[in-house]
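A.B. asks: Here's a structure for you.
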Amino acid sequence: MTAAVSFQNVSRHFGTVRAVDDVSLDVRPGEFFAMLGPSGSGKTTCLRLIAGFERPTGGTVSIFGERMDTVPPYRRPVNTVFQDYALFPHLDVLGNVAYGLMVKGVNRATREARAREALALVRLDGFGARRPAQLSGGQRQRVALARALVNEPKVLLLDEPLGALDLKLRESMQEELKLLQRSLGLTFVFVTHDQGEALSMADRVAVFNEGRIVQAGTPEEIYERPATRFVADFVGSSNVLAPPLVESLTGQHRFASLRPEKIVLSGAGAIAGEVRSHAFLGATRRLLVQTPQGALHVTLPSGAALPPVGTSVTLHWSPADLHLMEDAR
Amino acid sequence: MSTAALSTLASARGTGGFTGALSDLFWRRPRFLLFLLLLPPLLWLGIIYLGSLFALLLQSFFSIDEFSGLIDRTFTLRTYAQLFQPANYDIILRTVVMAMLVTLASVAVAFPIAYYAARYAKGAAKAFFYVAVTLPLWSSYLVKIYAWKLILAKEGILTWGLGKLGLLPLLDAWLSLPMVGGNSLSLSATGTFIVFVYVWLPFMILPIQAAIERVPPSLMEASADLGADAGQAFRTVLLPLALPGVIAGSIFTFSLTLGDYIIPQIIGTSRLFIGQAVYAQQGTAGNVPLAAAFTVVPVVIMGIYLWAARRMGAFDAL
């Protein structure tokens, strides 16, 4: 099967800075693919390499098997939803959505009809005559989405599209984007620094750090079996156990991750500690427990009996939940 | 508020003296501070500038007594009717056409320079740009024009250079054309045009550069992303969004050309421009009403120009 987007040993250097450093990846057709990483990790540069705004210093980018080495952005079968939406302020909403069809020479009646369809798809019927400045952030985001989708791209690129929205809107847009991607059967490549967003929306996630992919896999794999300390730290709030402690438990001098929800306070105690603080998280409560080997987070269901702050507890977990990992960044 | 009241206020608040009380007053009434700051320039604009403009307008509705040469202060449109006499109408037409050509040429020359400065120049290159663009404004306008007279003269460097390149026949052919030609470049309308474009160019570059800087680069990327090649992106995104800057620049080049009376006097043919006509009418001819009527012409033309630009949506992106 031809990959929707394929990177082969792609690098992009800016002077001495290696923004993208020898990255190889394959995005499958129809997949919701997330590139996750902190700012400056190279994920946005990768997206711009697909769109064609950057050219690789080395390696090859292919889209559905076609090498993009000399293909300019305006001839690539992809469209982008920009982080700042980049709506044209001098055009109304309909003009913005119809823009791609206009530059391709589609006649006015056809392009406006298709732009209206695209607006209906993002539930913005009747907004065609407004100016971008008159819209809310969420509406602008939908216009940007409609403007990209109307061109029927083979791959839709989304650069932190939900970053500027407030929490509630962001959550509803996450579901909406996911549904849209399913119903259109399109390949989405999504850049985000929000691990929750990446894990909840994507079919597969690539975790970026310092210009490289540290780990790629399904959200479950990334969450349950982080490959390195960096992934464990960055994705979710895992406990990272230092080598001496891991050695005393398993005999191996390695780092290990331990999910806070895998720890229970009953049974034969492996480690003793003292409860330092509680945090109410709705369905769960999170405890910070200080042990001689370091502080650990423990997640308990809200209904569970809660040891008061200052009391001693013993922490227990199944050895299978202790996940050994590399010390790499 | 009296000073006494102010000082009571000051002591009540425990701040120091009159300046403290004044600061408090300005803090409570920010519009009062604004009023004080704006008063001098408003007086200047309102009385000196608008007042003299109004006086000018008034003068243009007077007429001159043909025999005594005295001004007849009764309202009449007779002076305006004089503008449409062939000799005067020619002057207006010539000036307006020249101003339009100068403006179009300035836009064509200024846009790439402004684009480079706004998008590519950084640090030292940007400083160099500002110096290079404004350097011509540091020296006297007259010096520059006389320098151009030498450059454009029959024995000047331009003719010499064209001769070395074997292009003299081309120049001679151009100079033998009616309207644009003449004995040499410095005695032709083409020469006037070249010097106008040179002298007003900074006034076109700077506003366009400011306008292009305000266009987010992501808009150009979005346009490319949606399938627009460089030409389409320029026509459909960059130019419409930079248009307020182009209009601002063209207000300068257009109105400065309409009003200038020195350049066409030193470089070009003996045919008059509006500025020269005003100069002659209010000076040697002593016909102030006609001079005033001539002066109203550029004001009206600029008014129409701005109205048309607004109608075409040039300011929509502001």
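Cβ coordinates are placed from backbone N, Cα and C, and glycine is handled just like the others.
TrEMBL feature annotations, pasted as is:
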type	residues	note
DOMAIN	B:92-306	domain 'ABC transmembrane type-1'
TRANSMEM	B:33-58	transmembrane segment
TRANSMEM	B:91-115	transmembrane segment
TRANSMEM	B:127-145	transmembrane segment
TRANSMEM	B:189-212	transmembrane segment
TRANSMEM	B:233-254	transmembrane segment
TRANSMEM	B:288-308	transmembrane segment
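How about a rundown of where these features are and what they're close to?
C.D. replies: Proximity of distant same-chain residues to the transmembrane segment (B:127-145), defined by a Cβ-Cβ separation under 8 Å and at least 6 residues beyond the stretch ends, is recorded for 113, 116-117, 121, 195, 198-199, 201-202, 205-206, 262-263, 266-267.
Note on the transmembrane segment (B:233-254): residues 99-100, 102-103, 106-107, 110-111, 114-115, 196, 200, 203-212, 214-215, 219-220, 223-224, 301-302, 305-306, 309, 313-315, 317-318 of its chain, located 6 or more positions outside it, place their CB under 8 angstroms from a CB of the stretch.
Below 8 angstroms of C-beta separation, residues 53, 56-57, 59-64, 71, 79-80, 82-83, 88, 91-92, 96, 247, 250-251, 254-255, 258-259, 274, 277-279, 281-282 of the same chain, each at least six residues beyond the ends of the transmembrane segment (B:288-308), sit close to that stretch.
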